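Asks: Here you go, one structure.
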Amino acid sequence: MVDRLANSEANSKRIGVVEACFGTAGQPLAIPGRVLIGEGVLTKLCRKRPKARQFFLFNDILVYGNIVIQKKKYNKQHIIPLESVTIDTVEDEGELRNGWLIKTPTKSFAVYAATATEKSEWMSHINKCVSDLLEKSGKSPTGEHAAVWVPDSEATVCMRCQKMKFTPVNRRHHCRKCGFVVCGPCSEKKFLLPSQSSKPVRVCEFCYKQLSTGATLPPRSDSYSRQGSDFGSNNISDDDDDDDSSD
């Protein structure tokens, strides 16, 4: 079905509408063989709080952006090659329901759908697209993924030393390797993580020692408590993942 739609006029028009919604600041999306599979609003668990984002699933990429005017204008376009994507379900917890992790070597994050059916459909379509791409290319699934960042609201004290309380002066930082929220003294070191950046990035003391010695880092569970997260319907925001990329 995807091959049949690839060169159809209807598919070209749908992709053209998406390009127009992102405007000149967005990347061109129409290329031979690309098909728009589906779209919808998902709630992305960002560093500061959950935020509504518009997602577009193509047969080879996943695109998302900030909602400026619903179905008319989006900005801060992000494009994720599906070949590098792995997804895992997230258990329901409080108001955070119907979620899953989108994991890539560069960046990983959690998203939440409005219903269990919507979640199932998204995960099924993403898995099918990834599977088809890997089969065509003969490549193997990506082995290593960037850590999912623990939201700021989940840590009132440093997750490494368990002592430093966060204040306007004692700022929160994120380790790029484990995703923990850590204090300045516990994250003074930097280490080169080629999949994330061409320059050394901030890592916590624990991860720095493990990386420096070549030791295997223990896997981190992403089912941490998220109590108190603001998960209302008023999270449409014109700021975005700048707060995910800052320290």
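A Cβ is built for glycine as well, from the same backbone N, Cα and C atoms used for every other residue.
Taken from Swiss-Prot, the feature domain 'PH' applies to 35-131, supported by sequence analysis. Annotated zinc finger per Swiss-Prot: 152-212, in sequence order. Taken from Swiss-Prot, the feature Zn(2+) 1 binding site covers Cys158, Cys161, Cys183, Cys186. Look at Swiss-Prot and you will find Cys175, Cys178, Cys204, Cys207 tagged as Zn(2+) 2 binding site, backed by sequence analysis. Here Swiss-Prot flags 213-247 as region 'Disordered'. The feature compositional bias 'Polar residues' is assigned by Swiss-Prot to 222-236. The annotation compositional bias 'Acidic residues' is assigned in Swiss-Prot to 237-247.
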Asks: Counting across all protein chains shown, how many other Cβ atoms sit within 10 Å of the Cβ of Cys158 (Zn(2+) 1 binding site)?
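Replies: Step by step: centre on the Cβ of Cys158 (Zn(2+) 1 binding site), count other Cβ atoms within 10 Å, giving 23.
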Asks: Counting only other Cβ atoms and using a 10 Å cut-off, which of the binding-site residues Cys204, Cys207 scores lowest?
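Replies: Comparing Cβ neighbour counts within 10 Å for the binding-site residues Cys204, Cys207 gives Cys207.
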Asks: Restricting to the zinc finger (152-212), what is the model's mean pLDDT?
Replies: 96
Asks: Other than Cys175, Cys178, Cys204, Cys207, which residues of the same chain sit close to Zn(2+) 2? List them in sequence order, counting a residue when its Cβ is within 8 Å of the Cβ centroid of the site.
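Replies: In sequence order, the nearby non-listed residues are Ala147, Arg160, Arg176, Lys177, Gly179, Phe180, Val182, Ser187, Val203, Glu205, Phe206, Tyr208.
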Asks: If you count, for each of the binding-site residues Cys161, Cys175, Cys178, Cys183, Cys186, the other Cβ atoms lying within 10 Å of its Cβ, which residue has the minimum?
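Replies: Among the binding-site residues Cys161, Cys175, Cys178, Cys183, Cys186, the lowest count of other Cβ atoms within 10 Å belongs to Cys161.
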Asks: Same chain, not part of Cys158, Cys161, Cys183, Cys186: whose C-beta falls within 8 angstroms of the C-beta centre of the Zn(2+) 1 site? Give them in sequence order.
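Replies: My list of surrounding residues reads Val157, Met159, Arg160, Gln162, Lys163, Met164, Val182, Gly184, Pro185, Ser187, Cys204.
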